[in-house]
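Engineer: What follows is a structure written as structure tokens; I'll ask about it next.
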């Protein structure tokens with residue numbers, strides 16, 4: 001067993017052989033020798049003679065030589081087997097392929113849509129209302145309920161409308177006109193807020209919002225930043241285009257503005273470099289397109305990435321690093337690119353094409369493999385807009401139709417969104433504060449507060465049933481305040497009929513004992529008792 | 001290694017057993033990591049022997065190795081452990097792919113008479129470090145383990161050892177016609193550990 005350990009090369013001290021020379025002690029030569037010689041002999045001999053005597057002899061010999069000189073032991077409990085649940089690529093769950101409907105979900109007529117490549121006549125606001133300009137008129141189409149309304153019709157001297165754009169709040173809308181004016185409208189009240197003049201000399205074909213800044217691009221080659229809050233609204237001017245500005249898009253950070261023009265130029269402007277006194281110098285002037293740059297889209301998942309599409313003579317989609325101005329990729333689409341939209345949920349890009357196919361094409365980014373081609377329009381697709389949930393795309397084509405496609409995913413089933421109904425006066429003071437004053441302060445104050453609360457909790461317009469329910473809610477929220485509210489409600493003009501009903505409702509509720517604790521019952525009774533004398537007087 | 005006596009350079013039987021069993025724990029972890037027996041992300045890095053070492057966080061494996069080293073140090077203190085073998089087998093077929101063989105020679109005099117020996121801690125650590133480096137670099141010549149593998153540990157003890165309740169006798173799980181590579185050794189002057197890895201012949205060489 002103890003074979004000396006010096007079989008190794010002499011350069012090395014004993015016991016430290018070079019790593020590739022087998023170590024004799026570890027290889028167990030005694031055993032090997034036995035197996036080679038005795039083991040074989042046994043096999044050979046076994047056929048000839050197998051007397052019990054020689055067997056016994058061999059056994060003793062084997063023991064002596066160490067066949068069984070050690071015990072080999074292993075744990076009864078084996079280590080648990082490895083689980084490669086997450087680390088092996090083959091186990092990665094693959095995303096199921098998304099079904100892309102080939103047919104439009106809805107088609108609407110868009111009569112008198114101006115077939116002009118350089119205008120921007122379609123926008124879908126954050127309030128889920130689609131604005132489209134048809135001739136001299138701007139129409140609003142509410143996507144939630146499908147109702148439409150007319151926002152404004154301008155006269156023939158100022159019209160037609162050349163651009164529309166929703167403000168980020170989804171309520172205000174900017175309307176660019178052929179006579180170089182820009183109107184600002186409040187869609188909720190259907191009221192014009194202001195007209196901005198003097199920024200341009202020719203028609204305003206493109207608009208873009210960045211908070212309170214409305215950027216307008218005109219046929220006079222100018223780009224103007226308007227602060228809509230102030231009287232002298234022109235705050236910055238960008239000069240660099242040599243022909244009509246037909247596309248404007250602010251980056252998601254609001255720091256960079258991309259502008260495309262009929263002069264085949266794409267400019268990127270930096271907001272922080274802008275100043276009011278001098279026409280601002282561009283950050284990048286990109287001259288690679290060989291036709292008008294109408295389609296622009298900032299990537300939602302990679303800031304600095306801008307996609308741009310060229311017109312009929314160019315037919316490419318190009319990708320830019322807006323930071324460095326480097327062109328990252330250029331893809332020939334085979335037709336003019338009128339509009340581009342990114343999918344907000346997946347790495348995909350949708351392009352609106354003109355002649356010859358008049359289709360929408362869905363591209364995988366960054367491979368730019370065509371994923372789907374949506375046909376249906378019979379004439380070039382001029383404008384595209386994306387719904388606020390990012391799923392539906394509206395496209396308007398020169399054949400005067402407006403089509404809706406669920407190309408970016410099926411909208412979530414219209415769940416009854418718990419629309420956080422703001423509490424009355426929430427922007428001034430918390431309701432609990434008001435109620436605490438109502439229950440504790442002197443009568444004159446309480447009466448004034450009741451007057452304030454009447455419209456919210458005991459509305460004349462609403463049905464009596466609704467009014468009573470609201471009143472009960474108020475009592476449940478604050479017992480004392482509710483009781484006092486009922487006390488003063490008559491003085492503040494609640495009708496006799498409604499008060500009678502209220503008393504009836506209160507008593508019914510108390511008798512039903514449904515989900516009521518002692519405080520609530522007390523409050524309801526107190527409120528009812530406040531009412532009874534009044535009713536007595538009246539009757 | 002709390003039991004090691006005050007002077008650093010004197011090594012007792014107990015201290016030596018602790019060094020060897022601890023070494024085996026780290027070596028087993030390193031083999032399981034480097035040979036990809038358990039997923040990479042189930043290991044965390046610690047500093048040991050002046051090297052970054054990886055320790056499994058898999059509770060099952062952790063407790064297996066902890067129980068193992070506890071039993072090993074008991075046998076080492078009695079001078080009855082001859083060899084430890086870590087066997088890597090195919091999970092599907094149970095075919096033995098690799099055997100990591102740690103032969104142990106114990107100085108009989110120390111066990112019998114209870115004397116101690118002298119060797120500097122630093123030197124032992126350097127020797128262990130060399131083995132650990134070799135284990136980590138073994139992936140350069142060992143055949144790839146393409147299939148999911150499991151491991152087992154065999155302890156070769158003296159014949160007169162009583163088999164603990166949690167252990168069973170096993171066959172040696174040998175590899176037919178193996179390739180062998182001898183790695184470095186370390187010596188506490190009481191236990192000398194020789195390391196050798198044997199593995200299945202790569203059939204491609206023959207072609």
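Placement of Cβ uses the backbone N, Cα and C atoms for every residue, glycine included.
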Engineer: With TrEMBL as the source, which of A:39-58, A:59-78, A:79-98, A:99-118 is set down as region 'Disordered'?
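Structural biologist: Checking TrEMBL against the ranges A:39-58, A:59-78, A:79-98, A:99-118, the region 'Disordered' one is A:79-98.
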Engineer: State the mean pLDDT for the domain 'CDC20/Fizzy WD40' (A:108-405).
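Structural biologist: So the average pLDDT across the domain 'CDC20/Fizzy WD40' (A:108-405) works out to 89.
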Engineer: Over the span of the repeat 'WD' (A:374-407), count residues by DSSP class, listing helix, strand and coil in order.
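Structural biologist: Its residues divide into 0 helix, 17 strand, 17 coil.
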Engineer: Report the DSSP secondary-structure composition of the repeat 'WD' (A:238-270) as helix, strand and coil residue counts.
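Structural biologist: DSSP classes over the repeat 'WD' (A:238-270) add up to 0 helix, 19 strand, 14 coil.
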